[in-house]
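Q: Provided herewith is a single structure, encoded as structure tokens, for subsequent inquiry.
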Amino acid sequence: VRCSYCTIPEFEGLVGNVSKVLDEQKGIKDERRRSVTVSHVTANYPRKKPKMQDFKTVAHLGTGSFGRVTLVQARTQLEGEPKSYALKAVSKVAVIEGGQLEHLQDERQLLMSLEHPFILSLYTTFQDRDFVYFLTESVLGGELWSVIYEGVSMSDPSMAGYGLPVDQARFYAATVIEALGFMHFKGVAYRDLKPENLMIDDLGYLRVIDLGFAKKVPFVTEDEGRIQVFPKTYTMCGTPEYLAPEFIFNKGHDHSVDYWAFGVLTFELVAGHTPFVPPEGYSNMTELFTAIACSKRQGIPFPDDFDRKARGKDCRDLVIKLLQSEPSHRLGNLAGRTDDIKDHPFFKGYIDYAALYERQITAPWVPAPRKFDSPGANDGSQEMLIFFGNQDQFSEF
């Protein structure tokens with residue numbers, strides 16, 4: 001195991017007083033040791049702890065390796081409550097067998113703490129014998145991936161995969177950097193930025209979803225009075241096309257990997273493909289990682305028509321400054337943090353961030369209201385896996 005150390009003054013220069021950080025860490029650990037009270041868990045939900053029978057299923061939204069997601073409505077709706085929710089049911093058997101309990105706990109903690117208009121809202125969690133349930137806002141406009149690669153926002157879907165109009169690309173990029181800036185302000189590295197993890201709401205704005213790889217960085221531990229500071233983490237995670245070079249070289253990483261991924265995404269929005277994967281694809285993972293690792297020497301492979309699509313060289317300049325192999329040179333990771341990105345000529349003069357935050361800007365594309373058939377027999381139900389293990393492991397939920 002490789003760990004990095006820095007002095008306490010160096011750490012406090014990054015994140016503030018060590019005692020305060022330790023108190024926060026201790027609070028999280030203490031919370032996990034006890035059965036969490038209803039009032040604490042439902043802080044974002046106005047009712048008592050819900051149960052599955054409190055909801056009726058409207059539609060099946062998706063199925064994954066750990067469970068399913070359904071669109072639900074409360075059987076009795078209170079004034080001011082959302083008309084619908086997304087309910088993610090996570091199999092306890094799959095969580096324990098996959099060694100994902102700590103990740104599930106972390107995702108809950110982070111979602112409950114990250115209240116922002118461009119990050120998915122978690123209202124509460126609850127459980128029964130076999131499942132843990134995450135009750136979130138319903139975001140039904142589809143993935144940003146479908147906008148880029150299926151042309152759902154285009155009058156001519158055959159143009160899908162050739163890049164978005166630059167004003168649309170700039171709007172989406174601005175919402176993403178607002179969300180990332182907030183996460184980083186909270187000390188969270190997201191680590192899995194990609195179009196599939198960006199959902200579009202009914203006003204055409206993005207929501208960051210799936211915090212399964214998110215992590216508090218830097219972090220500290222205390223063992224028998226000895227304080228250890230870990231400014232970097234070494235877990236290999238994320239999606240290959242968006243991985244920063246420090247992942248590949250196993251140098252350790254922090255929140256700056258999100259700025260690299262943001263550079264990849266910005267390129268992708270304009271070009272219609274990611275920079276290190278040619279339109280025809282790559283033959284193997286080694287080829288992809290070699291292209292990323294060699295980008296410092298070989299440069300970014302911009303297509304010939306990139307500046308034409310971006311209506312100038314500002315987007316190219318932004319991408320180059322984000323895709324710096326050395327994290328210390330990467331835009332967003334400099335003294336000005338995300339303000340350096342927001343003040344870049346690609347955004348400056350085009351985006352009113354106060355209006356964007358309040359969702360007062362008309363989005364370039366607003367999805368049509370989604371219609372659902374009755375869930376019926378094909379509602380996405382899966383084989384029931386009965387959990388016979390220790391239920392106390394899930395007391396936090």
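For all residues, glycine too, the Cβ spot is worked out from N, Cα and C.
So TrEMBL says this about it:
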| type | residues | note |
| --- | --- | --- |
| DOMAIN | 55-347 | domain 'Protein kinase' |
| BINDING | Lys88 | ATP binding site |
Q: Which ones in the same chain are close to Lys88 (ATP binding site), with CB under 8 Å and 6+ residues apart in sequence?
A: Gly67, Arg68, Val69, Tyr133, Phe134, Thr136
Q: If you average the pLDDT over the domain 'Protein kinase' (55-347), what number do you get?
A: 92
